[in-house]
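Asks: The structure's right below; bear with me while I get my questions together.
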């Protein structure tokens, strides 16, 4: 297995990283066993609770800072008039990777063809990544009806997942900016102009737009994900930009300079979260990611617990790998200040925090049975810090999202979702440290809320 780590300066091809971290995992176990033997159960667990309280307090202040900044400024930015988006029109290549997406591909293609941008400066390439359903046939029908849509068919076994498909598409185009969407996405027509305006700044290497769940009413799980996205984009992503100018490139509804992505070796096919990987490589190379909350597109939330588990496991597995791959280059890079390095490390720790939350719940449970040296006050603080930060962001997201007052009851859905995040992140952590083989897997779609658009029928001869 190879990893997606660039050189410390950020530029260059991916270098190899260890296949596993079993020795580090074993060291954790041995340190815990030694502490239990030397200091006893009560003192060891008491110290563990103290450490967790410090970590959770740090993340609580981070959540709170994002929530306050979003509450103060985000609504103003959302309502601000957009000026100057008509005057800057670099050449754009829209790239979309599709694998077995027949349920959503028609709505996506219709939205791509409806994008408001000069046709002479726009190329749209959709990749059929060896689909086994009707995706390829539908794309071919769209191409016949509208030749400006280019379709690339990858053969079976081409490999690389989404990253491989995007790299193959990138090789076909000659444009200044690549804009990426997923197969279930349907952007607003103005998205391209809103994204590319930020590239006037030569420091900007990539731009991220705002994704909105379009099927939030279809199930309790979809409603939970809808609120999660409100919080993630209107509060967390906004706060990272407002306070640190360090938003993340999110992998869809986003844009990147083509000369830069080529110089960095393309999207990393050896990671399952190519977006986080690219975010780190851009920062290490001295570039910044910009976030535009007015560049909106709509995507589909998963509707079943099994799909939610697979999706969040993939996110956790890839994000945790990025921490292992990049924390050392982040610490030594000259392109980030001390505070920016701290925020980047905390960002990389996001999918490790649920693992620590699981440990915290275990300590609380043990204390309930009289095991552990922690005081009741310490356990109450630990319990509060487990939930306070994330729920603060969620609450502000509901306000900024201008949803109905009844939507506050949807927060109850985050209790089981919180439990599932602990399980998925913990399994991802153990599997990643042990070196369990894992490759990119797509998220299955339902297509229930896709635009009622059908592929055009070929004309009769």
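Heads up, the Cβ atoms here are built off N, Cα and C, so glycines get one too.
TrEMBL lists 21-41, 47-68, 346-370, 376-400, 407-430 with the feature transmembrane segment. Marked as domain 'Glycosyltransferase 2-like' by TrEMBL: 179-381.
Describe the structural context of these features.
Replies: Long-range neighbours of the transmembrane segment (21-41) within the same chain, counting only residues 6 or more positions beyond its ends whose Cβ lies under 8 Å from a Cβ of the stretch, are 47, 324, 371-372, 430, 432-435.
Looking at the domain 'Glycosyltransferase 2-like' (179-381) alone, the prediction's average pLDDT is 93.
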Asks: Give the one range among 47-68, 346-370, 407-430 whose Cβ atoms make the most pairs under 8 Å with those of the transmembrane segment (376-400).
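Replies: The listed stretch sharing the most Cβ pairs with the transmembrane segment (376-400) is 47-68.
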Asks: For the transmembrane segment (47-68), find every same-chain residue at least 6 residues outside the stretch whose CB is under 8 Å from a CB in it, and list them.
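Replies: Here the qualifying positions are 35, 39, 235-236, 238-240, 243, 343, 346, 353, 356, 359-360, 363, 367, 372, 374, 378-379, 381-382, 385-386, 388-390, 392-393, 395-396.
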Asks: Report, as numbers and ranges, every residue of the chain located at least six residues beyond the transmembrane segment (346-370) whose Cβ falls under 8 Å of a Cβ in that stretch; write 'none' if there are none.
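Replies: For the transmembrane segment (346-370), the sequence-distant neighbours (Cβ-Cβ under 8 Å, at least 6 residues beyond its ends) are 45, 48-49, 52, 55-56, 58-59, 62, 240, 246, 248, 280, 315-316, 319-320, 322-323, 326-327, 330, 376, 379, 382-383, 386, 418, 421-426, 428-429.
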